[in-house]
């Protein structure tokens with residue numbers, strides 16, 4: 001069951017702490033760790049699965065502040081490419097404690113956020129080795145999903161959200177390899193102001209834009225830069241540094257030619273050009289996202305429009321908008337892990 005039962009309609013349901021302990025088997029199966037908490041697997045009595053993020057207790061009550069912040073950011077989000085909040089816990093629990101050498105009972109705030117369980121876990125597991133990893137149709141599907149999720153956060157909700165920690169670990173994949181953006185622990189709401197300076201360390205090194213590294217500036221373009229890093233890594237795996245250190249023209253040419261060689265082994269010849277154009281457009285978008293001048297980076301609206309444009313190439317001839325989806329499913333099932341000699345180019349790059 002991919003999407004856990006929403007047990008109280010559109011609003012996340014409130015669960016008692018004892019039930020949280022029960023469904024996680026006393027927090028026995030850890031799924032991952034984030035900035036503010038540890039995520040455990042939970043299973044209801046009816047077999048429905050959830051991911052339970054237990055927020056760390058931080059001195060000064062900051063855990064409660066972070067809980068309220070993340071809860072407020074997540075409670076109204078409904079999109080196929082955003083991980084869904086299905087339940088929560090925010091309860092004062094009486095627990096034994098020691099005070100001045102004596103055992104007492106003290107109230108402790110226990111906070112948890114419960115999300116739909118996304119079976120395939122983080123994207124990082126699938127792009128660590130391009131030789132036995134995902135085929136192009138699957139990679140494109142993930143790229144498209146991440147972009148549409150980000151567009152939803154920016155364009156389709158009343159109070160737009162900056163994620164500020166986009167990375168493969170925070171992009172989860174369900175059974176159908178559909179991307180879901182997760183971990184909104186440090187996300188920020190933004191309104192009229194376009195930029196903000198901060199002295200706090202946010203996000204993850206390697207996904208920071210130059211303006212944040214040099215001047216601690218947070219802007220709407222922060223996530224766009226991180227998106228560019230992610231797209232390149234989806235396309236070339238661990239050869240990210242080799243690609244981005246080249247000139248844009250050389251990077252585009254190399255990525256395009258290498259994927260063309262690889263695709264020719266599995267793609268029908270009459271579809272090859274359309275797929276290759278899609279590859280070329282994706283690497284162009286990624287490199288535009290990585291521009292040092294944040295004002296030159298594309299908007300997420302423009303990025304999604306460009307991706308939709310590439311989709312039309314697949315069904316212009318036969319007028320069937322289901323062709324791309326059908327091609328993806330067929331190619332995914334056929335020769336998914338086939339190693340084509342052309343991808344040895346990446347090996348030479350990595351060894352250089």
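The backbone N, Cα and C atoms fix where each Cβ goes, and this holds for glycine too.
Source: prediction; values computed, not measured.
The feature ATP binding site is assigned by TrEMBL to 53. If you look up TrEMBL, you'll see 25-314 marked as domain 'Protein kinase'.
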If H, G and I count as helix, E and B as strand, and all else as coil, what does DSSP give for residue 53 (ATP binding site)?
strand
What is the number of other Cβ atoms found within 10 Å of the Cβ of residue 53 (ATP binding site)?
26
Quick one: mean pLDDT on the domain 'Protein kinase' (25-314)?
87
